[in-house]
Amino acid sequence: MVFPRSLRVNSLRSLATATQNMLKQARSYQDAIEALNKLQTNQQYIKNASAKPKAETNIAEVTKFLTRTGLSLETLDKLPIIHIAGTNGKGFTCAYCENILRNHGYKTGFYSSPHLLDVRERIRINGKPISKNDFVTYFWRLYDMLDSQKTDPHDMPLYFRYMTILALHVFIEHKVDVAILEVGIGGEFDCTNVVRNTIVAGITPLDFDHTSLLGASLESIAWNKGGIMKEGCLAFTTEQPEDAMNVLQKRSVERKCTLKIVDKNYHTGNHNMRVPSHIQKTNASLALAITEAFIDKTTTNNNQRKHFSLDLAKKSIGQTHWPGDGAHTSESMTICTNWFKEKTEDLNRKKGLIFNLTGDRNPEVFFKELSKLKFDVVIFTPNVGSNKDPIDNTDYVLSMNHQIQRCQGYKKKWLEIVGDSQEKSNVVKVIPFFSSAVNFLESEGECDVLVTGSIHLIGAAMSVLDPTLNGLLAE
């Protein structure tokens, strides 16, 4: 029997469509992560001058890609948002807010960065990372829509832009009562600042960081961070240096919002919250103010019957788990070294340091503080746990050789700074993997070790020492 040509063509098309659908369904979590990693700013991408990422284009680019995925800014305006920027402790502050509101009965969405082990850490519903099945479903749905609308080979959102778009879709589809967004870098031009209708904004203590993007003065940094304030929102910040505070107050007037300064003892009185440092106490107080304001404002607007409970909020702060802090600024490094000294000064053991930096941070600032601790062993290592690291942590921006070269530079700078202040018998090494650094330290005998300098290094450490610390419960 001979079939008509049109029927044969239609059958072939149907078969091709069915095959394509089967291939899409078969795409795994690993396939999604590999596709996501390719959205990093790799060297080939940078060579294309027209594709060079600029901070000023972030909002326009995210808006463009949101539209292509069918999510309008008008729809996004309906998402109840808490937006938090700052330098020291913004991740902790977001985590405190999330836990407080969840324990008050809110369905929470929480978007943070970077992740330590698994990219799903960045997008949480009710405190838990979304499941692998959900991640795969949402990822490929958006990826295929964006890929089909490309105007050139580079017309896809970069890694952080893509994850921001993905998170916003997840929060809207899960109908969260509140979406807590942690700014990536700065605020004014950050991808997360695509949101226009923020209910409460928070700005944690400011310090010098990402100066090549945000400027070399606290005033410039404050201007960028203050960009998350929106007309009609309630904005809170902690005590800041006078110049920075002046800028924040001016920005609040420009943005037609109310800015309040939260004392580090806000709502604490004589009650001690279970927070280990001055910075965390300050940010815990900030979280109390933010969540109290959010509950009061949303209850008033929506006639809900929720009431802020101070006792429940403090209990929530004490229960909040945040797996690590990279101590990536001068102030946080001072707090870090004081903490380590307090914990180890009465112990008769060797002291070891495992260190790395990311971005354009000046190692000299950190080394001057760390050298006061008189380490017996100092190891510089890339942010790589082992040669079996999860694919989620593949770095296409900096090759392994480049990371090793940077560590060699850190070693040279360390030796210049410590000079003769430490015994010549001290060991200073560059080791390619965190796991190898641990093996070396074990060969040196019992040792108290400080791992610091980069939040990504904390992730490498967790992948080797205890991967369960990141609390990934959803599969």
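First residue shown is number 1, and so on along the chain.
Each residue, glycine too, has its Cβ placed from N, Cα and C.
Per TrEMBL, the features are:
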type	residues	note
BINDING	SER113, GLU182, HIS210	Mg(2+) binding site
BINDING	ASP325	ATP binding site
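Sequence features, as recorded in TrEMBL, placed on the structure.
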{"residue": "SER113", "record": "Mg(2+) binding site", "Cβ within 10 Å": "20"}
{"residue": "GLU182", "record": "Mg(2+) binding site", "Cβ within 10 Å": "23"}
{"residue": "HIS210", "record": "Mg(2+) binding site", "Cβ within 10 Å": "17"}
